[in-house]
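The annotation substrate binding site is assigned in Swiss-Prot to T40, G41, S42, T43, D93, G94, A95, D96, K106, G107, G108, G109, K133 on the grounds of sequence analysis. Summarising the annotation, Swiss-Prot assigns active site, proton acceptor to E115 and lists sequence analysis as the type of evidence.
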Amino acid sequence: MRVKFHTTGETIMTQDELKKAVGWAALQYVQPGTIVGVGTGSTAAHFIDALGTMKGQIEGAVSSSDASTEKLKSLGIHVFDLNEVDSLGIYVDGADEINGHMQMIKGGGAALTREKIIASVAEKFICIADASKQVDILGKFPLPVEVIPMARSAVARQLVKLGGRPEYRQGVVTDNGNVILDVHGMEILDPIAMENAINAIPGVVTVGLFANRGADVALIGTPDGVKTIVK
């Protein structure tokens, strides 16, 4: 694993400014003439703003949520359906937590299923996040699980058996028409095993653990500048 810094000088940056810095830093991975996989959330929104400056140089994007699709279109970037695309060079998205093995918790914005699908197609996953998202052990951030509505209670009982405290995210319906259970109290020592166990529960669409397919590059916004970590 390689780490390098791009310093931003002595200026004290807010959390949003750190997110903006990594969003724009991700442009270095965008190749002209390609279709770019784009994530969801406040940090990904900064990347979309940056991508708008290259709209004449790329073919377009594949989006992980309706919200990102609307933002991309508002900037004049063509949005492809994933079914129209054979492969993606990169997928750029944020994270709610990321550990030292480049495994992540994602899904705070309820777009985890589409995010996971697009990440699986991309050759390279670029994670963009501010330093507050770096953790030693995943699980302090509630783990999102997308669930078929009729299975909500049954899935919740199984999540309790795995050591969690599931909480129904009231009023949230995913772009796929499903619901979210946020699982509190997890100390995820083996993220791959936990991802596989939760995904095996009938009624689960997917869990917001990105352990089997983690990030290849992490751009981390810190007070000292953008830190690049390459797996």
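Keep in mind that glycine also has a Cβ here, set from the backbone N, Cα and C atoms.
For the recorded substrate site, residues T40, G41, S42, T43, D93, G94, A95, D96, K106, G107, G108, G109, K133 set the reference point as the centre of their Cβ atoms, and the other residues of that chain within 8 Å of it by Cβ are G39, A44, A129. In sequence order, G37, V38, G39, T40, G41, A44, S64, K106, E115, A119, F125, I126, C127, I128 are the residues near D93 (substrate binding site), counting only same-chain partners six or more apart with C-beta under 8 A. In this view, the densest Cβ surroundings among the binding-site residues K106, K133 belong to K106, judged by other Cβ atoms lying within 10 Å.
According to its DSSP assignment, the residue listed as 'active site, proton acceptor' is helical. Neighbour counts of Cβ atoms within 10 Å were taken for the binding-site residues T40, S42; the minimum is at S42. Largest Cα-to-Cα span within the substrate-binding set T40, G41, S42, T43, D93, G94, A95, D96, K106, G107, G108, G109, K133: 16 Å. Around the Cβ of G108 (substrate binding site), the same chain contributes G41, D96, F141, P144, G208, each under 8 angstroms and 6 or more positions distant in sequence.
DSSP classifies D93 (substrate binding site) as strand under the three-state reduction. Within 10 Å of the C-beta atom of the residue listed as 'active site, proton acceptor' sit 31 other C-beta atoms, taking all shown protein chains into account.
When secondary structure is read from DSSP and collapsed to three states, K106 (substrate binding site) falls in the coil class.
A95 (substrate binding site) has a Cβ environment of 31 other Cβ atoms inside 10 Å.
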